[in-house]
Amino acid sequence: MINLASFTNLIAYATIYNDAAQPWQLGFQDSAAPGYTGIVTLHNTIGFYLIVISITVFWALFSIIYYFNSSKNPISHKYLTHGTVLELIWTITPAFILIAIAFPSFRLLYLMDEVISPTLTIKIVGHQWYWSYEYSDFITETGESIDFDSYMLPESDLELGQFRLLDVDNKLIVPVDCHIRLIITGADVIHSFAVPSLGLKLDACPGRLNQVSFLADRTGTFYGQCSEICGIYHGFMPIVVEAVSSPDFLVWVDSASQ
Ligand SMILES: [Cu+2]
């Protein structure tokens, strides 16, 4: 028997133990990968420059409007059309700010681009309208690689605590603290494999293999969605990645290869 108190508890636990977006959420989801931590840090760094630039520009703008209008300065200067020093300052300063933003940006870009000897490679194929996952590093008893499809759970099949439009029948299981390479492609149209808390977003293009890597630095269930309009059921092909401990992962591989 489920009363209201245990129901609200369940919902609270569901959002604590799972990494999904919350209703009316404004900030980022909690990071579960070093790459995503880097993305959030870069966002905050650039946000700092944004605030400084905004304050400076609006201060200059409003003080010009306030002090130098026709009612306060009835006589205008015929020859005051430009100031070389001022123009040099407002050209060179933004150039240095751009360089200061570009360095951490490129550093993160190339750090995340690098895939060195991953523990595991998973092939991901986007279909209209589901995802399929292929673990080619392991084979089943019949000698084929482990592969399965992942469909969204219809509302009628949801159990208490599961997320509507987000939970799937077969999750993508990965070991925690391991470098994992994803090879992503599309079977029909362009999809996009995106999981915010792992810092993943990559297009799944037909006829092309795209590559990303990530490392889940904690166990948990991470929710994402297809992020490229791919047809009428685009909103109904969510992604669920479950990071488990290495022993648990091996147990899962064993059961999946039966
Ligand atoms: Cu889509």
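Easy rule for this one: first residue shown is 1, then count along the chain.
Using the three backbone atoms N, Cα and C, a Cβ is placed for every residue, glycine included.
Features of the protein shown, as given by TrEMBL:
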- 20-116: domain 'Cytochrome oxidase subunit II transmembrane region profile' (DOMAIN)
- 117-255: domain 'Cytochrome oxidase subunit II copper A binding' (DOMAIN)
- 46-68: transmembrane segment (TRANSMEM)
- 88-110: transmembrane segment (TRANSMEM)
Counting by DSSP secondary structure, give me helix, strand and coil numbers for the domain 'Cytochrome oxidase subunit II copper A binding' (117-255).
19 helix, 68 strand, 52 coil
Which numbers of helix, strand and coil residues does DSSP report for the domain 'Cytochrome oxidase subunit II transmembrane region profile' (20-116)?
64 helix, 0 strand, 33 coil
In the predicted model, what is the mean pLDDT computed over the domain 'Cytochrome oxidase subunit II copper A binding' (117-255)?
93
